[in-house]
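Trainee: Once you've had a glance at the structure underneath, I'll fire off some questions.
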Amino acid sequence: MSTIDTTEKRERGDAALFDAAVLVAAMRAAFAKLAPRHLLRSPVMAVVMGGTVLAAVITASGHSHAGFGWAVTAILFVTVLFGNFAEAIAEARGRGQAASLRRARKDLVARRVETALGGRETRVPAAELRPGDYVMVSEGEFVPADGEIVRGVATINEAAVTGESAPVLREAGTDRSGVIGGTRVLSDEIVFKVTAEPGHSFLDRMIALVEGANRQKTPNEIALTLLLAAMTLTFLIVVASLPAIAGFVGVTLDPLLLIALLVCLIPTTIGGLLPAIGIAGMNRALSANVLAKSGKAVEVAGDVDVLLLDKTGTITYGDRQATAFHPLAGVDRVQLRDAAMLASLADPTPEGKSIVKLARQQGAIAVEAEGGDFIAFTAQTRMSGVDIGGRSIRKGAGDSIVAYVQAQGATVSPELQGRIEEVARGGATPLVVAEGRHVLGVVELSDVVKQGIKEKFAQLRAMGIKTVMITGDNPLTAAAIAAEAGVDDYIAQARPEDKLARIRAEQTGGRLVAMVGDGTNDAPALAQADVGLAMNSGTQAAKEAGNMVDLDSDPAKLLAVVEVGKQQLITRGALTTFSLANDVSKYFAILPALFAAAIPSMAALNVMQLSSPRHAVLAALIFNALIIPALIPLALRGVRFRPSSATALLRRNMMIYGVGGVLLPFAAIKAIDLALVAVLGA
């Protein structure tokens, strides 16, 4: 999916914030969340609700001025509602996204077959399918369950799940063999093996996660909740002790003023917005077409220190094309060309197809390799080829081909290493071709580093994030591309176990690691990584192992995931700073109202020159309530993220949300006081 597509999705999500249906649903849910069981999950809001009930009891019993008492009670009640509304609107947006996914889940009839080869066919409801069952799906039919293709190849429309209208190719025996229930086969026929129980499919998990049914608080969120609870308890003790202290100076305190002071002291702003921030983080990831299996995954993405990035598709465009044949001395160029083409006829990779194309462009005659035994490429052998008519042709990484030839008792000309280095220094990938015991030469495969990727890595470096390029290329090619792209380190001639070893080494050093993978051989590393981004086009094992799935199957999306995680952490930190900072102005509003009558010197604290003690209390409480809905858009969209160092981010946020959090309430409370005077009189 292009950046434009993702941007459009974000814009549609922002517009949905003000959708009438979402607002109405959130308002209803806000009242439903007044249940004690829900309120107790937020210590701050639970105390505000307790203060609301107590204020109502005091007013109803005649122990306070009725008009003032009911006004305080109403404002406190609205404060709780606004906190509930913030969480409800975040959940409502998630349910809206889930509704589109639910439409993809249909009551389907499956064609269950006996074996991977077919056999007797039985039509059964999709709900009766179990892991291990074989199902046949033909052109125009819907895939009834999650599974792995065991026979055939087909183009599949996954728009109902991923939002991407372009069909994708799925094929047995490749890293693109996974199919998702609810998608539609557009061409050909496949047999797949069911891998998920009914109700536990990929689509079911997406719906549950998006709706928030399985959302658990992240470690940082739990820590912040405990901090808010401790602060609330501390302020509760302080306020409870004030009547005794006031008695020594002959002051009788109005209980309503004490309740107002407590509510203004405790961090109600962040207390009301905290659940919404957590839910919004997962929603923002989904807006980028990334399914996070937990809020923790999004949060950890913002804390990663090391990114392991596959070269192909992430750093380069991933479209390596054969551009030249370089025969060794004594080898005819035509001999190398024809051998490379013959070894590539059954190679389904873009590189293999490009070799055939280049050979034909240079005059090679189209041939068929019927009866040949094709040798597939594996991550362990790192070569492929064909055995046909007494000939054994191999193409692959230089060291692999050298080992193959030497295993047959042959020696390799020193010229080969020079050819390999010559191609590699130019940033291309050398692919060595051998026939039998003889090395014929090198095929040059060229790729292009993505535009703007070097600047992106520079931004990551400024944030203290180390980038490591993973590639199967030889060290010289890897070094050339790493220098061009601006990565900090690279692993050349990498195997799947090398990724796992590097992740463990980084984690042993106390660093958090993120990586991308799509194959079954990537599963151990994806599971080990702190952030494992699996490609939706990959195998079921990879998607199960990772804690995130990119529905667009774009390896470069890992960079966007890091930005979403950073934005999540920055948003929570910024709003916490603002919440604590804006309490300062409330002190200057409430404290003079409590003590100025008995202690005239306390009037000096009335720096805002508020009209009366009761107006001061009402103004502070009204601001305290209104600031929650005012900040909901910021909580849901997130604070704007600008790549920079942690020190620069802290300095910027302290100026905007710290200093701003102190100054804004002074002006707002004074404006509310003037409005109260205009409406109610002095």
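Note that the numbers count up from 1, one per residue, in the order the chain is shown.
Using N, Cα and C of the backbone, Cβ positions are placed for all residues, glycine too.
According to Swiss-Prot, the record shows the following:
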- 15-35: transmembrane segment (TRANSMEM)
- 42-62: transmembrane segment (TRANSMEM)
- 66-86: transmembrane segment (TRANSMEM)
- 233-253: transmembrane segment (TRANSMEM)
- 257-277: transmembrane segment (TRANSMEM)
- Asp310: active site, 4-aspartylphosphate intermediate (ACT_SITE)
- Asp347, Glu351, Phe377, Thr378, Ala379, Gln380, Thr381, Arg382, Met383, Ser384, Lys395: ATP binding site (BINDING)
- Asp518, Asp522: Mg(2+) binding site (BINDING)
- 588-608: transmembrane segment (TRANSMEM)
- 616-636: transmembrane segment (TRANSMEM)
- 662-682: transmembrane segment (TRANSMEM)
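Please situate the listed features within the shown structure.
Mentor: Within its own chain, the transmembrane segment (15-35) is flanked in space by residues 49, 80-82, 84-85, 87-89, 91-93, 95-96, 633, 636-637, which lie at least six positions past its ends and keep a Cβ under 8 Å from the stretch.
Counting same-chain residues at least six beyond the ends of the transmembrane segment (66-86), those with a Cβ under 8 angstroms from any Cβ of the stretch are 26-27, 29-31, 33-34, 38-39, 42, 45, 48-49, 51-52, 55-56, 58-59, 256, 259-260, 263, 268, 271-273, 275-276, 614, 617-618, 621-622, 624-626, 628-629, 632, 635.
Sequence-distant contacts of Asp310 (active site, 4-aspartylphosphate intermediate), defined by Cβ-Cβ distance under 8 angstroms and a gap of at least six in the same chain, are Met469, Ile470, Thr471, Val516, Pro555.
Non-local contacts of Asp347 (ATP binding site) by the CB criterion (under 8 A, 6+ apart in sequence, same chain) comprise Lys353, Ile355, Val356, Phe377, Ser384.
In the three-state DSSP assignment, the secondary structure recorded for Asp522 (Mg(2+) binding site) is helix.
Outside the transmembrane segment (588-608) by six or more residues, the chain places 242, 246, 249-251, 253, 257-258, 260-261, 264, 614, 616-617, 619-620, 666, 669-670, 673 with a CB less than 8 A from a CB of the stretch.
Counting same-chain residues at least six beyond the ends of the transmembrane segment (616-636), those with a Cβ under 8 angstroms from any Cβ of the stretch are 17, 68, 71-72, 75-76, 78-79, 82-83, 85-86, 89-90, 93, 256-257, 260, 263-264, 268-269, 272-273, 276-277, 280, 283, 571, 575, 578, 582, 585-586, 589-590, 592-593, 606, 608, 610, 665, 668-670, 672-673, 676.
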Trainee: Which secondary structure state does DSSP assign to Lys395 (ATP binding site), in the simple three-class scheme?
Mentor: strand
Trainee: Other than its close neighbours in sequence, what residues sit by the transmembrane segment (233-253), given a CB gap under 8 Å and a spacing of at least six beyond its ends?
Mentor: 43, 47, 261-262, 265-266, 594-595, 597-599
Trainee: Rounded to whole angstrom, what's the largest C-alpha distance between any two of Asp347, Glu351, Phe377, Thr378, Ala379, Gln380, Thr381, Arg382, Met383, Ser384, Lys395, listed as binding ATP?
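Mentor: With Asp347, Glu351, Phe377, Thr378, Ala379, Gln380, Thr381, Arg382, Met383, Ser384, Lys395 as the binding residues for ATP, the largest Cα distance is 18 Å.
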Trainee: Which one, from the binding-site residues Ala379, Met383, has the smallest tally of other C-beta atoms lying within 10 Å of its C-beta?
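Mentor: Fewest other Cβ atoms within 10 Å, among the binding-site residues Ala379, Met383, is found for Ala379.
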Trainee: Restricting to the chain of Asp522 (Mg(2+) binding site) and a gap of 6 or more, list residues whose Cβ falls under 8 Å of its Cβ, or answer none.
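Mentor: Same-chain residues close to Asp522 (Mg(2+) binding site) (Cβ under 8 Å, separated by 6 or more) are Pro496, Lys499, Ala534, Gly538, Ala542, Ala545.
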Trainee: Any residues 6+ beyond the ends of the transmembrane segment (257-277) with a Cβ under 8 Å from its own?
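Mentor: Same-chain residues near the transmembrane segment (257-277) but 6 or more away: 41-45, 47-48, 51, 54-55, 72, 76, 79, 82-84, 86-87, 89-90, 221, 224-225, 228, 231-232, 235-236, 238-239, 242-243, 568, 571-572, 575-576, 578-580, 582-583, 586-587, 589-591, 593-594, 613, 617, 620-621, 624, 627-628, 631-632, 635-636.
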